[in-house]
Amino acid sequence: MSGVSLPVADSRAVRHEALRLLRADPRAVTVIVVLNCAAAALGLAAPWLVGEIVNRVTAGAEVSTVDLLAVAIVAFAVAQMLVTRFARYAAFRFGERSLASLRERFVDDTLALPVSVVERAGVGDLITRGSSDVAQVGGTLRDTVPDLFVSVVQAVFILGAVFALHPLLGLCALAGIPLMWCVTRWYLNRSRAAYLAEGEANSALADAMAATAEGARAVEVFGLQQQRIDAAERAISASYAARMRTLSLRTVFIPGTVFAHSIPVAAILVGGGTAHRAGLVSLGAVIAAGLYLWQLVDPLDHVLFWLEQLQSSGASLARIKGVAEAAADDEPAGAVPVDDRIEVKALRYAYHGAADVLHDLDLTVRPGERLAIVGPSGAGKSTLARLLAGMDTPRTGSITLGGVDVHRLAPGRALLVTQEHHVFVGTLRDNLAMAAPEAPDARLASALDAVGWTRPLPDDLDTELGDPARGDPSLDAAQAQQIALARVLLADPRTVILDETTAMLDPNAARRIERALAAVLEGRTVIAIAHRLHTAYDADRVAVLEHGRLTELGSHDELLAAKGTYAALWGSWHG
Ligand SMILES: Nc1ncnc2c1ncn2[C@@H]1O[C@H](COP(=O)(O)OP(=O)(O)OP(=O)(O)O)[C@@H](O)[C@H]1O
C-alpha cells in the first residue's frame with residue numbers, strides 16, 4: 001500500500017455516468033417504464049372495486065353484481081401479476097446488460113492506466129473498485145433502480161387514485177409526509193458517515209485479526225500475546241461503537257417512518273368518516289382510500305430502503321468513474337519515432353515527492369548498440385530502466401526514442417523484460433499470441449524454439465496453463481521466463497531493456513536463458529541492467545551509475561584502463 005489513492009469522481013461526473021448507463025439502452029428503459037406504469041395502474045383496480053362493492057351493497061345491489069365485481073378484482077390481480085412479471089424480467093435484463101457494459105469499461109479503463117499510477121495506488125484499491133464497487137453498482141442497476149422506479153410510480157398512482165376519489169381524502173393521505181420527510185432527512189444526513197465509519201472499523205478489525213494470525217510465530221517467539229489481545233480488543237471496541245452508532249440511527253429511523261405511515265390512515269378514518277357523515281363522500285370511497293393507504297406502505301418502505309442503497313452505490317460509482325478519470329489524464333500513446341536513437345537529457349527523477357534518486361543524467365544510445373548499466377545496489381538502475389521503457393515519467397528532463405517521448409511511444413516499440421514472469425491463465429497459445437495476435441501457430445512454435453523451449457506439453461499449444469487448482473502443468477521460473485522471452489520475440493520490439501532478467505534463476509537455468517536471450521536480442525538495441533559482469537563484458541559500452549549519477553561511460557577495455565569504479569567492480573567480481 002502506498003497511501004496515494006486513485007481519484008474519486010465528483011457528484012456531477014457520477015450523475016453524468018448514471019445517466020449514460022440509463023441512456024445506453026433507451027428502448028429497454030421505455031419498455032420498463034411502460035410495463036411498470038401498466039402494472040401500477042392495474043394495482044389500483046382492487047381497492048376501487050372493493051369501494052364499489054360497499055357502495056352497491058349499501059344501495060341494495062344483487063349478489064350477482066357483487067360476484068361480478070369480485071371476479072373483476074381477481075382478473076385485475078392476475079393481469080397485474082403477469083405485467084409485473086414481464087416488467088421485472090425486462091428490468092433484470094437491462095440491469096445485467098448495464099453491469100456487463102460497466103465491467104467492460106472498467107477493464108478498459110484499468111488497462112489504460114499508467115503502470116506507475118497502479119503501483120502508487122496499490123493493487124488492493126483497484127481490486128476493491130473492480131469487485132465490490134462494480135458489484136454494488138451492478139446490484140443497484142439490476143434491483144434498486146427498477147424497484148425504486150416501480151415503488152415511486154406505485155406511490156404516485158396510489159396518491160393520485162385517493163385524490164381522484166375525493167380531494168379531501170387526498171389531503172388526508174398526505175398527512176404523514178412532513179414527519180416522514182423530517183425523519184428521512186435526519187437519517188440520511190447522518191447515515192452515510194456512520195456506515196462508512198462502520199465499514200472502516202470492520203476492515204480494521206479484520207486487519208488486526210489477520211496480522212495476529214499471519215504473525216503467529218513472531219507472537220509466540222517474542223511473547224506478544226498480551227499486545228495482540230489488547231490490539232484486538234481495541235479494534236473490537238471501535239467496531240462495536242461504530243455498530244452501535246448505526247443501530248441507534250435505525251432505532252429512530254425505522255419507528256419514525258412506521259409511525260409516519262399510520263398518520264394518513266388515522267387521518268382518513270377521522271377525516272373521511274367526518275366527511276361521510278356530512279354527506280361529502282360515500283362510504284365506499286372512504287374504505288377504498290383506506291385500502292389504498294395500506295397499499296402505499298409497501299412502496300414507501302421500498303423507496304426509503306433503496307434511498308440508502310442509492311447513496312452507497314453513488315459512492316461506488318464515484319470510485320469506478322475515478323479510475324476512468326485517472327486513465328483519461330494519461331497522454332495518449334501511439335507516436336511513431338523516426339529512428340531508434342535514445343536520448344536522455346538532464347534527467348531527474350524522484351519517487352512520490354521524495355528526494356531525487358536520479359540526478360542530471362545525460363546519455364545517448366545508438367540504434368543497434370548494446371549498453372550495459374552497472375552499479376551498486378540502490379544506485380537507481382531499475383528506476384532508469386523503467387523510465388527508459390516509458391513506464392514512468394521524469395520529474396524534469398526528457399527521454400526520447402527517435403525524437404518521441406518514450407512515454408508516448410506506440411506499444412511494442414521498446415520493451416522492458418524483468419525478472420518478474422507471469423503465466424496468464426489460458427492456453428500456451430494465448431500466453432504467446434497476446435504479443436502477436438495474428439501470428440500463425442508455426443510462428444509461435446518457432447519463437448518457442450528460439451528461446452530453447454524443450455518441455456513437452458500434453459496438448460502442445462493448446463495446453464492450459466496458469467491454474468494449478470484445475471491440474472494445469474506447473475512451470476518453473478526458467479520456463480515461465482522462456483515464455484516471456486518468446487513473447488518478446490513475437491512482439492519484435494526494436495529496443496529491449498533488460499532488468500536483471502535472470503537474477504532469480506539458478507546458475508544452470510540462468511545460462512540457458514542467457515543463451516536464449518542472445519537469439520531474442522539479435523539485431524536490436526539492448527540496454528541491460530547487469531548484475532553479472534560478463535553481460536557488461538559482452539556489451540558495446542558500459543555505463544556506471546552511482547548514487548543516481550552517471551560516473552563512467554565507455555567500453556569494457558576503456559573502463560578497465562581508467563581504473564575507476566568499473567575496474568574495481570570487475571576486479572572483485574572476476575577474482
Ligand atoms: N517504489 C519505490 N518507492 C520509493 N523509493 C524507491 C522505489 N523503488 C526504488 N526506490 C528507491 O530509489 C533508489 C534507486 O532504487 P533502484 O531500485 O532503482 O536501484 P537499483 O540500482 O536498481 O538497485 P538494485 O540493484 O538493488 O535493484 C533507492 O534508494 C530505492 O530505495
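A Cβ is built for glycine as well, from the same backbone N, Cα and C atoms used for every other residue.
Annotation source TrEMBL lists transmembrane segment at 28-48 (among others).
Residues or ranges marked as domain 'ABC transmembrane type-1' in TrEMBL: 31-312.
As annotated by TrEMBL, transmembrane segment applies to 68-87 (among others). Below 8 angstroms of C-beta separation, residues 32, 35-36, 38-39, 42-43, 45-46, 49-50, 52-53, 56, 146, 150 of the same chain, each at least six residues beyond the ends of the transmembrane segment (68-87), sit close to that stretch.
Annotation comment: TrEMBL describes 252-272 (among others) as transmembrane segment.
Taken from TrEMBL, the feature transmembrane segment covers 278-297 (among others).
Per TrEMBL, domain 'ABC transporter' is recorded for 342-572.
Packing against the transmembrane segment (252-272) from elsewhere in the chain are residues 168-169, 171-177, 179-180, 183-184, 186-187, 191, 281, 285-286, 289-290, 293-294, 296-297, 300-301, 304: each is 6 or more residues past its ends and has a CB under 8 Å from a CB in it. Averaged over the domain 'ABC transporter' (342-572), the predicted model reaches a pLDDT of 85.
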